[in-house]
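Peer 1: The structure that follows is given in the form of structure tokens.
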2 protein chains.
Amino acid sequence: MSAKIISGKLLSQKLNSSLKNSIDQIKGIRAPKLTILQIGDNPASNKYIKHKLKSCKNVGIDCDHIKLDQNTTESELEKIIIDLNKNNKVDGVLVQLPLPNQINEKIIKNLIDPKKDADGFNPITLGNVLLDDTEIYPATPLGIIKLLESENINLAGANVTIIGRSNIVGKPLASILINKSATVTICNTKTKNLAKVCKNADILISAAGSANLVTKKFVNKRMTVIDVGSNFVNGKYCGDVDYDKVKKIVKYITPVPGGVGPMTIACLLENVFKLYLNNIK
Amino acid sequence: MSAKIISGKLLSQKLNSSLKNSIDQIKGIRAPKLTILQIGDNPASNKYIKHKLKSCKNVGIDCDHIKLDQNTTESELEKIIIDLNKNNKVDGVLVQLPLPNQINEKIIKNLIDPKKDADGFNPITLGNVLLDDTEIYPATPLGIIKLLESENINLAGANVTIIGRSNIVGKPLASILINKSATVTICNTKTKNLAKVCKNADILISAAGSANLVTKKFVNKRMTVIDVGSNFVNGKYCGDVDYDKVKKIVKYITPVPGGVGPMTIACLLENVFKLYLNNIK
């Protein structure tokens, strides 16, 4: 027996195609517009932005990439964000992380108007995620929910264990799952006997960023395993899960690459489209 | 063997007394000021507000109680809140819940300036609680943390189970505990085998609002039990815990009354003082 593989690659293609149709159908009005701000020339950021630009183009979102000098000051960046917040032709604003040291990430995240918060990182957006009162969610948690729902995996009453408690994955994801009536356990590096805490879950979501953390000791045969990890081992890209061994045991599993990764971009595009619909109202 | 009782009554008296000293020491400046808005004449609200007024007076917080007619419209209430937001002599604004049906609770909570959010119910405040980037917390979760810390009960790495996922207790409390490196499990009415999920916790926090829900099947001898329940059974005020039986087994327990309840008011007062300090800066 081997797990059913939940392909984020296929699901994201489906979602992107459906989004393209929705955008095409809105005729006579301008295209949705996202502005990506990059500060400096981080090679990983360059690569991510290239992906985002290509994905936007594919679905019909107009995407501006503003690349600023590594030495840009916080107040210079603030001024640009304030102008973008005011510009009603811009629907989404995204500041590519990481930022250089002279710029305070919190201040920048707080400054982006929640009505243009494509990444869903503003505290207001996150507060509304907690309150179950939002259309915009951070893209990775939203992508995970869509992966689970695509297989009709039951969330209400399910025991879900999340490894990792970041502001962009673990904590907002926990809020969403709590609101969907799951019983949610959030683990971190201080968790005692991690394998045991995970072992009986119906759904195990690993967002630890630690290759081969989730071994067969962590899983059971009814389990769905969602691998949010993004690691490089000997030049090879992999998740947190000891995939080849774990997939032989569990019921569903997402691969890396081709699992959560492409869903994150698809959900970012969906956020931009929702912000656009509200903006042109 | 019987559990050590963690008295919220005593701890809140200590905190109130310390707060009174802090307020007394700020000489030559006006007292902190809280405005409580009440709409209608709900008997429970009358009682809670009476408590809050008395507690404010005891510590030296100037407290205005504005009682509006049951038929007050949403826009009338909004206008009053907007005026209070602008009034720099007012440090905290609190709208007593529940509100009559013609008024949308969410709109009102969102309208209170986060800089005057004494209750900590605004989405920005809650987003910042999730992000671990705030001085203001909803009062009941903050009171629970203070009860645990007063006994030096370890939170990092502790297994904490919370029953209940409300916006004012369960969810923000989970965020705070996650940020303090606890392994947190949040249960709800759909949780399968609740007793078993609770049984192995180091700390069990019940905020279900269901008398005698937590029986001896839910607990173990190393456990700390925090009872957030507020129920009436045959005219008697009680929590969620089958107190007499459970206290014989566990290590620490909070009583009802005299546990979490008085801590909530003490933490509300602390919020007002923090808002005041930021306001007079």
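Cβ coordinates are placed from backbone N, Cα and C, and glycine is handled just like the others.
Dumping what TrEMBL says about this protein:
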type	residues	note
BINDING	B:Gly164, B:Arg165, B:Ser166	NADP(+) binding site
DOMAIN	B:6-119	domain 'Tetrahydrofolate dehydrogenase/cyclohydrolase catalytic'
DOMAIN	B:138-276	domain 'Tetrahydrofolate dehydrogenase/cyclohydrolase NAD(P)-binding'
Peer 1: Write out which of the listed binding-site residues, namely B:Gly164, B:Arg165, B:Ser166, lie with a C-beta under 8 A from a C-beta of chain A, sequence order kept, or 'none'.
Peer 2: B:Arg165
Peer 1: Could you give me the DSSP helix, strand and coil counts for the domain 'Tetrahydrofolate dehydrogenase/cyclohydrolase NAD(P)-binding' (B:138-276)?
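Peer 2: Counts, helix then strand then coil: 52 helix, 28 strand, 59 coil.
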Peer 1: Which residues does B:Ser166 (NADP(+) binding site) neighbour through Cβ under 8 Å, counting only same-chain ones at least six apart?
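Peer 2: Correct list: B:Ala207.
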Peer 1: By DSSP, what is the split of the domain 'Tetrahydrofolate dehydrogenase/cyclohydrolase catalytic' (B:6-119) into helix, strand and coil residues?
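Peer 2: With helix first, then strand, then coil, the domain 'Tetrahydrofolate dehydrogenase/cyclohydrolase catalytic' (B:6-119) has 58 helix, 19 strand, 37 coil.
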Peer 1: Around the NADP(+) site formed by B:Gly164, B:Arg165, B:Ser166, which additional residues qualify by having Cβ within 8 Å of the site's Cβ center?
Peer 2: B:Ile162, B:Ile163, B:Asn167, B:Val169, B:Gly170, B:Lys171, B:Ile186, B:Asn188, B:Ala207, B:Ala208
Peer 1: For a quick check of packing: other C-beta atoms within 10 Å of the C-beta of B:Gly164 (NADP(+) binding site), how many?
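Peer 2: Cβ-Cβ neighbours of B:Gly164 (NADP(+) binding site) within 10 Å number 23.
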